[in-house]
């Protein structure tokens with residue numbers, strides 16, 4: 001299907017035939033035949049020009065937007081452009097969006113913000129590149145091309161001493177002009193990508209959703225809501241945002257454009273992406289299930305061709321909003337770098353960068369919370385003899401876990417495994433024979449407790465000799481709990497975890513971080529279904545697929561990894577919280593599966 005172009009008369013006839021019930025498989029064959037033999041579906045010949053018969057809702061056409069540099073505007077064209085630049089001897093650099101941690105010697109590890117020189121981009125998923133350490137493969141989805149490739153040339157293209165000294169004044173003038181040009185480049189990139197993004201959203205809404213709603217026998221309302229989420233609301237919002245951007249865009253002198261105020265004006269509206277990003281994993285799962293049936297594959301391909309969309313699968317288009325909301329802080333950070341303090345837009349760009357970074361962090365945090373509640377729900381289902389309200393009624397995150405000795409006022413000690421969540425501390429007992437089985441033994445309300453660090457020696461209140469101990473004391477009653485750790489280091493970790501728990505509760509309150517009751521109920525329902533009929537106990541971690549051996553680039557038949565790394569696209573630089581390592585420990589202690 002690659003490279004097929006549908007002409008205006010063909011599109012009208014094919015739409016009519018699709019509505020009249022022509023089978024999708026025959027429809028696709030007719031499209032291919034028409035293209036191969038240069039005839040239209042009604043028998044007449046057509047020119048090879050691409051004509052859009054859809055009236056745009058905007059004041060400009062897509063073709064006008066692509067005139068500047070179309071190969072960079074459309075997904076898929078970027079790869080061709082990179083190889084052309086590399087083939088011409090240009091230095092092409094990419095900036096890492098996220099950390100890439102790898103144990104494979106033939107993969108390139110890097111951190112978010114690192115600059116990588118791209119040496120080969122013939123594969124769409126894995127590129128070959130070089131950083132300060134070595135050359136190796138790296139996932140293309142983890143990077144974005146730098147707008148100003150000339151930066152590297154300026155840094156590495158210095159002239160010998162005498163010539164450099166003579167041209168100092170000229171170099172300063174060139175540097176000033178270059179910085180203006182770089183700012184213009186970033187502004188133009190923001191505008192162009194925004195326009196193309198609107199086109200993609202329009203294609204999804206009109207090319208896919210509209211056709212799906214016509215075929216009620218193939219799709220239910222619930223299925224469409226799962227697959228497409230609130231993308232139609234995003235489309236409406238982005239159109240308003242782009243219109244405001246266009247008003248602030250200086251076409252004659254792009255470097256003088258003042259677009260910072262647009263981001264500040266619409267920063268609350270970008271919160272609409274949270275629902276879409278949270279829904280996206282479910283959308284991928286639903287779409288993947290449908291794609292196993294040939295009639296759905298043919299249908300979605302027919303929708304793409306009828307809308308004259310580029311050769312990218314539906315799941316690729318549905319990923320664009322997720323990628324877009326994460327790119328805003330990166331684009332604004334680059335724009336801020338080339339905006340002088342004297343520029344009238346400097347303060348607004350700086351504020352817009354912080355605002356969009358906070359929006360992305362909030363979306364990332366909500367996404368992480370939703371993934372966390374699924375794990376917590378499965379964990380609760382695995383606990384024997386659970387009593388009282390569900391853990392998700394009050395908590396959404398595991399903060400720390402481990403073994404402690406609980407001391408009573410009478411001096412009796414009990415070895416227990418404790419799990420510290422936000423708002424509550426859950427106590428469990430290990431089975432004597434099956435150490436991977438846990439029994440529920442109670443919980444402590446952390447909102448009502450005050451943490452007290454106890455010194456080693458005899459406690460004056462309880463008249464007991466304690467070591468590596470701390471106490472939780474109720475603020476409203478005489479309830480108190482004393483815990484002893486095996487080592488001083490373990491006690492320090494628990495004290496820090498309790499402080500973190502209070503801090504995270506405050507942050508969630510300040511950020512308005514709430515998980516809906518429906519999402520909590522759904523997580524518990526899914527966990528109960530997954531655990532139905534299974535014996536209690538941990539069954540072992542799933543084994544990760546082995547890495548394929550990667551061959552050096554100079555070999556004739558280059559082999560790259562067959563799968564794209566599954567990295568959260570929401571994780572940005574400078575996250576508010578580091579990812580927790582305790583889920584790994586969780587697996588060893590409980591019948592809990594990730």
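Every residue gets a Cβ built from N, Cα and C, even glycine.
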Of the residue ranges 126-150, 151-175, 176-200, 201-225, the one that TrEMBL records as region 'Disordered': 151-175
The domain 'PH' (397-503), counted residue by residue under DSSP: helix, strand, coil: 19 helix, 56 strand, 32 coil
Rounded mean pLDDT for the residues that make up the domain 'DH' (182-366): 91
